[in-house]
Amino acid sequence: MDLEFRNLKYTVSSPLSKGNKREVVKGVDGRFSSGQLVAIMGPSGAGKSSLLNAISGYRSAGVTGELLVNGQPRNEHQFQKSSCYITQEDLLQPLLTVREAMDVAASLKLPKGSKIHSEEILQELGLLEHQHTKTDRLSGGQKKRLSIALELVNNPPVFFLDEPTSGLDTVTTVQCVRLLRQLARQGRTVVCTIHQPPASLLELFDQVYVIADGRCIYQGETGAMVSYLQSVGLPCPRQHNPADFIIELTENPDNINILCEEIMNGKLYKSAKIETATEPLDNIELKICYKTEDDAPETEIMLSNGKCTYKVPRYKETDSVSTTSSEASNGNSSMAWMKIQSDSCTYSTSYCQQFYILLRRMMIQISRNRQGLWIQLIHHVMCGLLIGACFFNMANDGTQMFNHLKMCVGLVIFFAYTQIMVPVLVYPQEVKLVKKEHFNRWYSLTPYYAALTVSKLPVQVTLNIIFCTIVYFMTGVPFSVPRFIAFCLIGNVVSLVAEGMGMAIGSVFNVRNGCAVGPTSIAPFLGLAIYGFDFAHRIPLLMNILMKTSFIRCGVVAMVLTVFGFNRTPLECKEVYCHFAKPDVLIKYLDIDRTSVWLEIATMLGIMFVFRSLCYIGLRWRFAT
Ligand SMILES: Nc1ncnc2c1ncn2[C@@H]1O[C@H](COP(=O)(O)OP(=O)(O)OP(=O)(O)O)[C@@H](O)[C@H]1O
């Protein structure tokens, strides 16, 4: 599958400087042929990753220009099914073995009943002996190979890799590039960004695309780079690595201008074969001479700009299913692949199957996270014991009205803070991994989100019930089945709302200082909860609405109604007069006598739905840009 891009621009805008847009890729052209291993090179910050993201479709917001496949405008949806993107960071599902990760990928990416070639792929990539090793224990090179193996499962014809060699030693780097070359030789188009490869590594690439300051300064065969530099009066010294030299040249903006003009910002393609065959022509503007051969699958355009002549392969546009020479030579061609894929639906498996496979994967990961489970259990038990000890046997004391309220507020805050922190901190990392899998067409967002929600419930509910039981019996709240059920239910619903809120934040923002964001987000809800108690009947309408939608307030109201409602008998009074000994008096005083536990729980469920929808929309937005 041949890729082409014309006048490709990628503009970014900083959220801190409104309206201040910056073009990081500046109207470049280029083409990458099938069967070729292509390196996108350039100095740091030149726009390599941005270019790769734009060509692959991994980033779409801010990208303009023409993207073509085999000479035809590309259908993004179709293209995503036939390409894969491997991120610089090795984003692998933790707590699964190599084999399990492969099997999950295969079951998601291949139609049910297909023959799975996990073992062959692992063997080919030298990972078979590590198939029972957990992914997080693999070395850097092994992780990279596994990332490739996971995408090889459905054999896509186009591979994009962002800095596949970063963090690898020299030997592993060479092994990795050889592997990519092998993939390209099998008929695939393999495009990767690379920083500054040593000469021995550079020659493994068939084609090089050099970018500096967002502009193309060289495009062509690796072997033609030295003569190209020579032709523009910037000869590469002997014994000097051409990759190092061309990057050193970019230190001078004048050199970038010369080289960019010479290669016409990527419109020209330098070929080693043609260059020496043609005499340089003086003072001639760009000249195009077609050299068509009727029986050849490709036509060539000879471009001459006065100094050199370049060969640009060009495909016949008449026949949309015509094949290129490399494709024709390959039985497992990308065209054939595309044909099969275009007949099938978006994903290889149904939403139900995706949900089941993802739920299974998540449950395995949760059950293997023993340390995390123990920490959560200890946290819930310890906090339960602490709150229980603070309010020990106090629940029936009519003189302790403020302590009763403190306990109810404290319990709700515990549920909220415990559940909001984890997603705010952990979810941004998971979003990156899910974005990669979703972009590579493993699964749709809906089954993933459903599986995510369901998978967490068993542990969360069990821990909350343990906590509630400890607090309930230590504080001495009179036992009744409906009250105990309501008590546990409120805890769980508050947890779910807070978790939804944390996920909504984590899905949109990559929060570095997540510790601060969790509590800060809850603070207004807490403020509204407390404010709303004393002045509920006096506050303005808008404030009243905000207060009513504070899930913490709903939780506290429901908790107070649970502890003091359900036909509770008067509390003990050890003093001459206890104003709040009668539960009804307290409920009336707090102005919560017109609502009910179930109404407050229903309101919280509504708020939970809003937060979880925001999280879903946030994920969709992140994945779509
Ligand atoms: N989303 C963004 N917002 C703001 N600036 C961005 C964004 N993405 C990229 N840039 C800027 O665009 C320029 C090119 O970034 P890019 O990551 O593509 O460079 P690179 O060549 O891959 O660099 P490196 O080799 O160091 O990874 C950088 O100056 C970077 O700061």
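Cβ coordinates are placed from backbone N, Cα and C, and glycine is handled just like the others.
Just so you know, TrEMBL annotations never went through curation; they're auto-generated.
TrEMBL has this to say about the protein:
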- 3-238: domain 'ABC transporter' (DOMAIN)
- 373-395: transmembrane segment (TRANSMEM)
- 407-428: transmembrane segment (TRANSMEM)
- 448-472: transmembrane segment (TRANSMEM)
- 484-505: transmembrane segment (TRANSMEM)
- 511-533: transmembrane segment (TRANSMEM)
- 545-566: transmembrane segment (TRANSMEM)
- 597-619: transmembrane segment (TRANSMEM)
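Same-chain residues lying 6+ beyond the ends of the transmembrane segment (448-472) with a Cβ under 8 Å from its Cβ atoms: 354-355, 358-359, 362-363, 366, 373, 376-377, 380-381, 383-385, 387-388, 411, 414-415, 419, 434, 438, 479, 484, 487-488, 491-492, 495-496, 499, 612, 615-616, 619. Between the transmembrane segment (597-619) and the transmembrane segment (484-505), the number of CB pairs under 8 angstroms, six or more residues apart, is three or more, so the stretches are in contact. On the 0 to 100 pLDDT scale, the domain 'ABC transporter' (3-238) averages 89 in this prediction.
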